[in-house]
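*Asks:* Pulled from Swiss-Prot, these are the listed features:
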- 2: N-acetylalanine (MOD_RES)
- 38, 39, 40, 41, 42, 43, 44, 45, 72, 147, 171: NADP(+) 1 binding site (BINDING)
- 171, 201, 202, 203, 204, 205, 239, 258, 360, 365, 395: D-glucose 6-phosphate binding site (BINDING)
- 263: active site, proton acceptor (ACT_SITE)
- 357, 366, 370, 393, 401, 402, 403, 421, 422, 423, 487, 503, 509: NADP(+) 2 binding site (BINDING)
- 507: phosphotyrosine (MOD_RES)
């Protein structure tokens, strides 16, 4: 058998664009200007600039593309380069291309609420136009407190008159239903829905995007994907590190607003939704909204909140608790861990608990979807059989595997837990997967909104969590302490057991592949 030739990142992304957009979704001859609002910030230097570089390096951006940074700080392109280049992972062979990339960069300093600053920015962009059509893409890498002023000034002063205009908005999209609606109404008064791209980077993850294919391209899953066969669904997001000196920002939002209300709820929608009419953006998002409308507000009896404390045996950061972070307010009751149970009240899912778990300073880095199936009826193996599970692991080491029972090799007729395993690092070992931000920013250039959050999705998501969040903000319940590096509060395990999840602790996964 001939050895499989490794695909380059360019080939992978090129195939992706060809398949999704037939290669002609944007005109290569047009001028495209990518404006990073908040270019001096952490998100810009660690994610946005590196992502634009990767797309530029691999030839995936339109040929006539310019990158303009905008922020209040008095900086130069050289300053931006020094801040962001360490995250580019550029090789010595890529130096000439890197110089070409920064030659297409410029920077404009200005205030976020000053009309004169935006007129200066607009004049700068007009000078870059070379083709008949000029398209502008604004990325708001900014705190939500300045969204209203920035979007108003962009709409009044900086819109292209000869091409399309698109705006990318980063989470958090408000703090609750009221503030989210206020922000959405403001932005919707300035831009059409097809111009607004609310980014949740988890929707750009390989395995999150794979959920639709797994469900709707495999007949074997269709008949069992319902309440008759599935006992519960667990959606997990775990980080092995704490706030690491950035707790002041995190403390304003907490783990529910930061992870559960967006990342985990989006994954829930993809698990629970009905088959869309097409893979078109609005058809997919219509089905997600239908799921959200079937979910009642979270009940406090179905929620566990935790906050990590230092590990007495830990070293370095692990020895510190959340309250030891000097940026965290003294005595803060903000949760760094949350577990919540939701129910999708429709014919397919009635009575099936969807358990959402997320937290910081836990025992591992992991994001996954786990479907646990019901017990086999008519047990003939004397309670030796464990429940089947289908696991979609988003990170690390993307994988799909099924826990199942097989006969243990040998003379005796004993069942044993095993797995059917698709680990991406083994099956696709020569394929380099694009980063989530690469996929999503390429989607914006191509005008595809399938992996972005629509305003009615956002409204329903906040409706589900706002009463709980208001109660937490008002009553400030004391979160349950858990040790840095642990699995989280044992009360969360008890909640999961109460609603029907069975954790046996007997399964030992043996990785047959060396990743």
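Note that Cβ sites are derived from N, Cα and C of the backbone, with glycine treated the same way.
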*Asks:* What Cα-Cα separation, expressed in whole Å, is found between residue 42 (NADP(+) 1 binding site) and residue 357 (NADP(+) 2 binding site)?
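*Replies:* Residue 42 (NADP(+) 1 binding site) to residue 357 (NADP(+) 2 binding site), Cα-Cα distance: 27 Å.
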*Asks:* Which number gives the other C-beta atoms within 10 angstroms of the C-beta of residue 40 (NADP(+) 1 binding site), all protein chains shown included?
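*Replies:* Cβ-Cβ neighbours of residue 40 (NADP(+) 1 binding site) within 10 Å number 20.
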*Asks:* What Cα-Cα separation, expressed in whole Å, is found between residue 395 (D-glucose 6-phosphate binding site) and residue 370 (NADP(+) 2 binding site)?
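*Replies:* Their Cα atoms are separated by 13 Å.
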*Asks:* For residue 40 (NADP(+) 1 binding site) and residue 360 (D-glucose 6-phosphate binding site), determine the Cα separation and express it in whole Å.
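*Replies:* Cα-Cα distance, residue 40 (NADP(+) 1 binding site) to residue 360 (D-glucose 6-phosphate binding site): 27 Å.
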*Asks:* Do me a favour and check the Cα-Cα span between residue 38 (NADP(+) 1 binding site) and residue 360 (D-glucose 6-phosphate binding site); whole Å is fine.
*Replies:* 27
*Asks:* I'd like the Cβ neighbour count for residue 204 (D-glucose 6-phosphate binding site), meaning other Cβ atoms within 10 Å of its Cβ, all protein chains included.
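*Replies:* The answer is 21.
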*Asks:* Of all the binding-site residues given, 202, 401, which has the fewest Cβ neighbours within 10 Å once its own Cβ is left out?
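*Replies:* With the binding-site residues 202, 401, fewest surrounding Cβ atoms within 10 Å: 401.
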*Asks:* Relative to the Cα of residue 202 (D-glucose 6-phosphate binding site), which of the recorded positions 44, 263, 357, 403 have a Cα no more than 10 Å away?
*Replies:* 263
